[in-house]
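First comes the structure, then the notes that go with it.
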Amino acid sequence: MSIPANHPRRESLLIREKLVEGYKRNIVALEGLIAHGRGECFDYLLGEKTHGFALKAIRAAVAHLLLAKHPVISVNGNTAALVPREIVELAEVTGAKLEVNLFYRTREREEAIAKHLMEHGAREVLGVGDDASATIPELFSERRRVSPRGILIADVVFVPLEDGDRTEALRKMGKTVIAVDLNPLSRTARMASVTIVDNIVRAVPLMIKEAIQLKSMNRDKLEEIVRNYDNNRVLQEALETILERLRELSSSQLILQPY
Ligand code: PTJ
C-alpha cells in the first residue's frame, strides 16, 4: 500500500507495513502483529520519543555488551522485520553473536529470519535447526531451545521484544538480560537486568552510536556505568513520564481544530 508523503501518521504506518511485509515473508508471526499493537499503544503514551530513562538504560546495556565474554543478541520475528541491518551492525560493533530464538518456532521461520539477517550483512546466525540443541532449564515454551555456542554459554543476552518467562529463566541461570520493551509494566521489563523502555526502531540505532563511543573507554569506566545503573529507578521514571504526560494532556485542549 502506498502511504501519502504528508500523512500525519506516516512513520507509524510505515513501521506497520514492514511488519506486514515480514509476516508475508514468514519472518513475523501473526501474533507479532498483535504484539506490535500493544507496543504502539505504549509508544503513544510516551509521546513516540526516546526519553532520558531510555538513554540511561541504553548506556548501561551497551556497557554490559562490551564487558561481556560471550554477548549474544537473540533475534525474533518482529526484531528481524523492523531493524535487520541495525541489529547486524550492533552485533558487529559489540562483538556479539546473533541467534534466532522464537516463541512461535517453526523451521521455516527460523530459516527465513536467518536468511533475512544474512541478506543484511550477518556473517553467522546461530539457533537454526539442529544448532538449537541445548535447553534452558525450567522453560517450557519453544524459546527453551538454544544454541550451545550462543545463548547457552552467554553471560549477557540482549532479548529485544521478549516474553517474561525466558527473561526470568535466563536470569535464574545467572545471565545478564537486556530487554527493549515499550511496556514498563510487562514481566520482561520487570525481570530484565536492564530495560530499555523505547521503540526498538529508535533504540537499536542509538545503541550502535553509544557502542561506537563507549568502545574507546577502559573497562573500569564501563564497570562504573554498570555499577551505577538502577533498573528499578528507570522503570519508575518511565511510569512517572507516562503519568506526567497524561496529566498534562488531560488538562489541555485535546480537540484538533479543522483548518
Ligand atoms: O517471533 P516470535 O515467534 O519469537 O514472537 C515474537 C512475539 C513478539 C510475538 C512474542 O515474543 C510475544 O508474544 O511477545 P509479547 O509477550 O506480546 O511481548 C512483546 C512486548 O513487546 C510487549 O510488551 C510490547 O509492548 C512490546 N513491543 C511491541 N512492539 C514494540 C515493543 N517494544 C519495543 N518496540 C516495539 N516496536
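Placement of Cβ uses the backbone N, Cα and C atoms for every residue, glycine included.
Note: TrEMBL annotation is automatic and uncurated.
Database features, via TrEMBL:
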| type | residues | note |
| --- | --- | --- |
| BINDING | Arg16, Arg38, Asp181, Leu182, Asn183, Arg187, Thr188, Asn199, Ile200 | ATP binding site |
List the same-chain residues at least 6 positions away in sequence whose Cβ sits under 8 Å from the Cβ of Asn183 (ATP binding site), in sequence order, or say none.
Arg38, Gly39, Phe42, Ala189, Val197
What does DSSP assign Thr188 (ATP binding site), in three states?
helix
So what sits near Arg16 (ATP binding site) in its own chain, CB-to-CB under 8 Å and at least six residues off in sequence?
His36
